[in-house]
């Protein structure tokens, strides 16, 4: 996990523009480099490093003797770099996994490069010989990337939007900064002036398709067919494989643990594989909540069962409320449920950075979208519509849960790993018949739970624990986190302000005082950038006015039984 930044064709002094690169310094607390491109005085790279792999030779932009004309700035982890080396006979100059991008590009061009990478990544690749600039981002957008491209060919690229919004340019008062689409690469021509022109934007991978890099995966071909025992076995094999490949690190590994199914499965499998890999330090697990919250109690049970070194972070409503502004600044969004859920994750990440030496942090993001874990999936009109909704959620992960997970951990210099979003695991799960993937017997994620039922990885009451939204599970059942937030905000926002909200904020107008409060903070830091969020996250098929699961009938009936 790092912070990458690059400019091409800047009209302004680079030493002034460089100040913008410092806005993503939190992503790489270990080292910083700022480097001009030979022969292009108005082009440069900035890089903030979190040293996780090859601590000695891992500085960027990466340049190797064999390809002196290639410059690479990337953020991510390429899990199959050793397999690719073996398959194609690449000779690496460093131990950096990202070096494989240079070799793949030299061998087969940008299309093959992006398609063959098994991992999470956002990169900027410059080829000075062919005068091309390439941008690319992984399938789900686990690693963030933003760009700004003006009409006259000035290009700025950064891990976070905050590193681009204050750039100076002669022809544009407020250049449009936008997220780079996941699963795409872009080809741009580099002119002698240092300016660029976009040639094409290409979607290189759809999450439903089996990835091309399966050809050099460590797991052989799986049995085909949809009989239940085969499917359950394949799910276990691929999930274990997803966790195993993510053990690649020279820094200590930890795991977020809410006590829900997803993070508990990740923690249990992770600890098992760490032992098998002879990693000789205990796994640290981290739970956060208010006193006696459901998450804390459940996480305690899981930690005792798997034998992790467990840490509990207890916070009160005042600490949570005080963090709202810095959380929204980190997130670069005003989405209601994202902000709510981010506060706990931001505070636990802060604790991990200050109080422990864990840097590589595993988490359960992506499971709810993939395995239909949200409560409202019980209301899906048909298995086919549930499958479509699952795919929509996966497509938009980079705007919501993946954005939350990245920014809250990156704000404290931690690197997040999300095995549920493994390319091969997700493509297999999505290939299963729609009726296999829906909730059953009133229980969401039924197939995933069933697949691990006989493994003894988790206590039965955790394996079958109903869905609890992270932003709700961290508070008590009597008063949920969203109610605490709303009570506080109710005193901060006048009724008249809310009545005129649509006039002040015509795009995505706030409908509640809570959403108005978040929007006000967002506009303070990112004025006029509300289009970064195309719409609010809300449940489907139910008449909901609030995104919290605790407002839905299914949740209420379950807790009242």
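Keep in mind that glycine also has a Cβ here, set from the backbone N, Cα and C atoms.
According to TrEMBL, the features are:
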DOMAIN    2-191  domain 'Glutamine amidotransferase type-2'
ACT_SITE  2  active site, for GATase activity
BINDING   97  L-glutamine binding site
BINDING   256, 288, 363, 364  ATP binding site
SITE      365  site 'Important for beta-aspartyl-AMP intermediate formation'
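Around residue 363 (ATP binding site), taking its Cβ as the centre, 25 other Cβ atoms fall within 10 Å, counting all chains. Note on proximity: of the recorded positions 2, 97, 365, the one nearest residue 288 (ATP binding site) is 365, by Cα distance.
For residue 256 (ATP binding site), the same-chain residues lying six or more positions away in sequence with a CB closer than 8 A to its CB are 263, 285, 286, 287, 345, 348, 361, 362, 363, 364.
In this record, ATP is bound by 256, 288, 363, 364; the longest C-alpha to C-alpha distance in that set is 15 Å. Note: the Cα of the residue listed as 'active site, for GATase activity' and the Cα of the residue listed as 'L-glutamine binding site' are spaced 13 Å from each other. Residue 365 (site 'Important for beta-aspartyl-AMP intermediate formation') is 23 Å away from the residue listed as 'L-glutamine binding site' when you measure Cα to Cα.
Its Cβ taken as reference, residue 364 (ATP binding site) is surrounded by 25 other Cβ atoms within 10 Å in the chains shown. When the recorded positions 97, 365 are compared by the number of other C-beta atoms lying within 10 angstroms of their own C-beta, 97 comes out lowest.
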